[in-house]
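**Student:** Starting off with a structure, shown below.
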Amino acid sequence: MFDFIKSIIIGIVEGLTEFLPVSSTGHIILAEALMKIPGGMVWTKSFTAVFDYAIQLGAIFAVIQLYFHKLNPFSPRKTSREQFQTWRLWIKVIVGVLPAMVFGLLLNNFMDAHLLNPWVVSATLIIYGIAFIVIENRQKNIAPVVTEVNRITFKMALFIGLFQVLSLVPGTSRSGATILGAVILGASRFVAAEFSFFLSIPVMFGVTILKVGSFLLKGGSFTGAQLFVMLIGFVVSWVVALFAIKVMMRYIQNNDFKIFGWYRIVVGILFLILGIAGLVKM
């Protein structure tokens, strides 16, 4: 029973935080530390590591479901020009993904081995929280240059992708880094969030394939119970992410990202306190 409860809770946390600029990794670690969720035979160390990445696909399916028409170049409801624009958008997404793909392959293991600790996570939560507040204060009197996602240039997509590389540091938040970068480069908040969602599709698919593939190539395997627990987390993450994305996009139509900045600072301080107390272990 606790195996399923743990899967549901982590799925909820993943779905809520994957696309908000607040660090899903940090929140999953916090959830496990604060609630001391017990796990049975299912939750081996190797399975837990794979599970945390696999359920991200549920959140990605939420993006695909919500933006299927916009991202589908084969839609019969689109004109030939609109289909062409969709293909161009996908090429921009690929351009934006390339920096994270290259640096991720080179640095991923190093980051996990040396930077996945309470001090780094708390520091990045706080630093980027401050950055959101500072950038929003700077941007409040500056009109965005890019107000439609199709108007993002290839150069801009590449630079947003370079910001995404920052999210390799635990606690940064992939969506946080890309949204912040896009806003700095002149995108509206709405466009910044949308493009961040689109970038997540190839990135998360790639990371999940890399992690699960590595696990299987090393001789790992899943029991029936583990596959069922993973399926539960996947579905919960999918459903909750649908809700989180809709709420966030409605919110930023008339509000800025400063609330997320303040929230990150509070969570970062909490993370630091728990780390000092020895309650957060990685």
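Glycine residues also receive a Cβ, built from the backbone N, Cα and C atoms like all the rest.
What Swiss-Prot lists as transmembrane segment is 2-22, 47-67, 90-110, 115-135, 152-172, 190-210, 225-245, 259-279, and the listing cites sequence analysis.
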**Student:** Per the 3+ Cβ pairs under 8 Å rule, pairs at least 6 apart in sequence, do the transmembrane segment (190-210) and the transmembrane segment (259-279) touch?
**Tutor:** no
**Student:** Between the stretches 90-110, 115-135, 225-245, which one has more Cβ pairs under 8 Å with the transmembrane segment (47-67) than any other?
**Tutor:** 225-245
**Student:** Count the Cβ pairs between the transmembrane segment (152-172) and the transmembrane segment (115-135) that lie under 8 angstroms and are 6 or more residues apart in sequence, then report whether there are at least 3.
**Tutor:** yes
**Student:** Honestly, do the transmembrane segment (259-279) and the transmembrane segment (2-22) touch, with at least three Cβ pairs under 8 Å and pairs 6 or more apart in sequence?
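**Tutor:** Yes, the stretches contact each other.
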